[in-house]
Amino acid sequence: AAAISCVGSPECPPKCRAQGCKNGKCMNRKCECYYC
């Protein structure tokens, strides 16, 4: 099964979404990377 990338997911603020994260992580509201 392929890992689903959540970078750019709606719960992340646009400025965080624009930055993105590596390794399939997503930006939280503090612009910190976390695993979904």
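Cβ coordinates are placed from backbone N, Cα and C, and glycine is handled just like the others.
Here the structure is a predicted model, which means the values were calculated and not measured.
The disulfide bond annotation in Swiss-Prot covers CYS6-CYS26, CYS12-CYS31, CYS16-CYS33, CYS21-CYS36. Annotated site 'Basic residue of the functional dyad' per Swiss-Prot: LYS25, in sequence order. What Swiss-Prot lists as site 'Aromatic residue of the functional dyad' is TYR34. Among the features that Swiss-Prot reports, cysteine amide is placed at CYS36, with the record citing experimental evidence.
When Cβ atoms from all protein chains are considered, those within 10 Å of CYS33 (disulfide bond) total 16, not counting its own. Straight-line distance linking the Cα atoms of TYR34 (site 'Aromatic residue of the functional dyad') and CYS26 (disulfide bond), rounded to a whole number, equals 6 Å. The two recorded residues, CYS33 (disulfide bond) and CYS26 (disulfide bond), show a Cα separation of 5 Å. Cβ neighbours within 10 Å of TYR34 (site 'Aromatic residue of the functional dyad'), excluding its own Cβ and spanning all shown chains: 12.
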